[in-house]
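A.B. asks: Straight out of Swiss-Prot:
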| type | residues | note |
| --- | --- | --- |
| ACT_SITE | D74 | active site, proton acceptor |
| BINDING | T13, H14, N15, P16, G17, K18, S75, F160, G161, Y162, D163, K183, H195, R196 | substrate binding site |
| BINDING | D45, D74 | Mg(2+) binding site |
Amino acid sequence: MHRRITGKLVIATHNPGKLAEMKELLAPYGIEAVSAGELGLSEPDETGNDFRSNAAIKAIAAAHASKLPSFADDSGIVVDALDGAPGIYSARWAGPTKDFTAAMTRIERLLQERGATAPDKRKAHFVSALCVAWPDDHLEEVEARVDGTLVWPPRGTAGFGYDPMFRPDGHTRTFGEMTSIEKHGLPPLGLALSHRARAFVKLAEICLEPR
């Protein structure tokens, strides 16, 4: 049986960009959100083989440490011409300093080396797996994706991560050029475009009630 989120919720991330997006998505539901960083929680090793298992690892670790329901996202970009890379290693490609400019440059260099210059050779998709874990090990898990094409040079300064080089299908602008409302569909969430917002819509249907 599904379980509703009430009261305080730990957001199990130390990524400022991801934290801001999650708080924005949670805002209509009146949830008191506190980050793992604010609580001084350490980051667990992400040893899973896919996005869903890594999200669960982070949520469970935060729930056990904080004794509170904890919400985690594991997301990344999957590039067809790079055999699915960077995938679950998307954050690691940015290194310890979270240098996504360098990570995007690395992707572009690899695409050029493989001759992937035409739009149909530059297909990619973002994946977001969301997990809410309770201290008693109850889990609620969802996953979503958004397909698109990689552009170069990167465009826009909104969002974070690989957003400036990802143009979602059916649009002329990158995520980096879109406002939060355009990217997340806020409000209403039913218009969600991004992978994280689409996953959040699924999670909200089973775990959240608007205030």
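In case you wondered, yes, glycine gets a Cβ from its N, Cα and C as well.
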A.B. asks: Can you tell which of T13, N15, S75 has the most other C-beta atoms within 10 Å, given these are the binding-site residues?
C.D. replies: S75
A.B. asks: Out of D45, D74, D163, which of the recorded positions has the smallest number of neighbouring Cβ atoms within 10 Å?
C.D. replies: D45
A.B. asks: Of all the Cα pairs drawn from T13, H14, N15, P16, G17, K18, S75, F160, G161, Y162, D163, K183, H195, R196, the residues the record ties to substrate, which distance is largest, in Å?
C.D. replies: 22
A.B. asks: Of all the binding-site residues given, G17, G161, which residue's CB has the most CB neighbours within 10 A?
C.D. replies: G161
A.B. asks: Do you know offhand how many angstrom separate G161 (substrate binding site) and D74 (active site, proton acceptor) by C-alpha?
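C.D. replies: Roughly 13 Å, rounded to the nearest whole number.
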A.B. asks: On a C-alpha basis, identify the one among T13, N15, S75, D163 that is nearest to D45 (Mg(2+) binding site); the candidates are the binding-site residues.
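C.D. replies: Smallest Cα separation from D45 (Mg(2+) binding site) among T13, N15, S75, D163: T13.
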A.B. asks: Please report the distance from the Cα of D163 (substrate binding site) to the Cα of D74 (active site, proton acceptor), rounded to the nearest angstrom.
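C.D. replies: For D163 (substrate binding site) versus D74 (active site, proton acceptor), the Cα atoms are 16 Å apart.
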A.B. asks: Measuring Cα to Cα, how many angstrom lie between H195 (substrate binding site) and D74 (active site, proton acceptor)?
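C.D. replies: It is 11 Å, counting Cα to Cα.
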A.B. asks: In DSSP terms, helix, strand or coil for G17 (substrate binding site)?
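C.D. replies: In the DSSP reduction, G17 (substrate binding site) maps to helix.
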A.B. asks: How many whole Å apart are the CA atoms of G17 (substrate binding site) and the residue listed as 'active site, proton acceptor'?
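C.D. replies: So the alpha carbons of G17 (substrate binding site) and the residue listed as 'active site, proton acceptor' sit roughly 13 Å from each other.
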